[in-house]
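**Q** Handing you a structure now.
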């Protein structure tokens, strides 16, 4: 039998592998730093990404980019997530898979709620990969690790035998909830403490109700107080939406009322005016005591994450991962101007500012702009009259750490202070000693004759 197809007919083809290949290619580009147009800094760890991917996966980033109109050279710093949590969130955006420790499930859900990522916000009702010891030939996975896969396309309709539900659809705990002693808390990152901080933020933002969550023995009670209701109808001072945000107001994060959602975004976008706490060692300021304690580990010997190749210690596992790249010796990112090579693309980007006049960090109090964020922070301290770096010998204060170090070397070090008068005095002493030696030699010559 012959088939005749008219030229006017339309034939449709579906590429079932396209979606998977598309994500795989995007993730490879991110890992290599190719075409990345945004850098997100979390706990001093820089993550390169594609702005369109962040905006597509997160309503928070979508609103953020529309609000700020950031360009390709922008660096955004967020301070309401842990770096290891954000790393997993970023991996999920590019792979549709996420691995999360059981003690961090609630924290991951809270992060998903704030970032506006529905899948992470509903982790307890998602499907997870569960492998029993028998299925793995006696080798089970980590006791406190779950690998959660998000179905792609038609794969959502199929279920493998090793996939089971986590919790019920109404977010209430299921009968087969994992029981047992909670995992030990490491590195001071207590899940309870972290959730308490998150609850305080939600209260302050005026959320009328926070869903009751119970995953793996951790519970966050619903919270409804008169104070929070009052806050829900108020807008924080100087933190208001402009007319340009009206078209995106309807894209609320699940679980937030309209007023609370607006306040939440403004809070996360601009921060909250709190009293700053300064580090006694270096003067760096923080908005809460928890972040200060974490920073103070940099000045102590508490560095539990040790490199096996050089025994150098680090305070977080993310910092250790960054350090391990040094030992590979592979530096794929080279400067086109001077040929200097770098391990990471962000380091090359930072170096390239030396050859250009790019100054992305602008002062909001004057017209000056700087190539590095640290220089901007030093400059802003001068505007505010802050001098957090205090000399331990004479209590003289300075705005920059380098000024304090220079002062200590010049005034309080064991070396003699070098001044023009000191140089002249030392020269005169040398000349006098030379003349005395010459006179003594002449006397010895006369005596011998």
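Cβ coordinates are placed from backbone N, Cα and C, and glycine is handled just like the others.
A quick note: this is a predicted structure, and the numbers were derived from the prediction, not measured.
Just lifted these from Swiss-Prot, have a look:
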| type | residues | note |
| --- | --- | --- |
| DOMAIN | 36-102 | domain 'BTB' |
| CROSSLNK | 46 | SUMO2 cross-link |
| MOTIF | 50-66 | motif 'Nuclear localization signal' |
| REGION | 153-194 | region 'Disordered' |
| COMPBIAS | 157-178 | compositional bias 'Acidic residues' |
| CROSSLNK | 203 | SUMO2 cross-link |
| CROSSLNK | 249 | SUMO2 cross-link |
| ZN_FING | 277-304 | zinc finger |
| ZN_FING | 305-332 | zinc finger |
| ZN_FING | 333-360 | zinc finger |
| ZN_FING | 361-388 | zinc finger |
| ZN_FING | 389-417 | zinc finger |
**Q** I need to check the long-range neighbours of the zinc finger (361-388): which residues 6 or more away from its ends have a CB within less than 8 Å of a CB in the stretch?
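**A** Contacts with the zinc finger (361-388): 75, 278, 283-285, 350, 353-354, 397-400.
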**Q** DSSP helix, strand and coil counts for the zinc finger (333-360)?
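**A** Going by DSSP assignments, the zinc finger (333-360) contains 8 helix, 4 strand, 16 coil.
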**Q** Starting from the Cβ of residue 46 (SUMO2 cross-link), draw a 10 Å sphere and report how many other Cβ atoms land inside it.
**A** 18
**Q** Using DSSP with the three-state reduction, classify residue 46 (SUMO2 cross-link) as helix, strand or coil.
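**A** Looking at the DSSP assignment, residue 46 (SUMO2 cross-link) belongs to a strand.
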**Q** Mean pLDDT over the motif 'Nuclear localization signal' (50-66): what is the value?
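**A** A mean pLDDT of 89 is what the predicted model shows over the motif 'Nuclear localization signal' (50-66).
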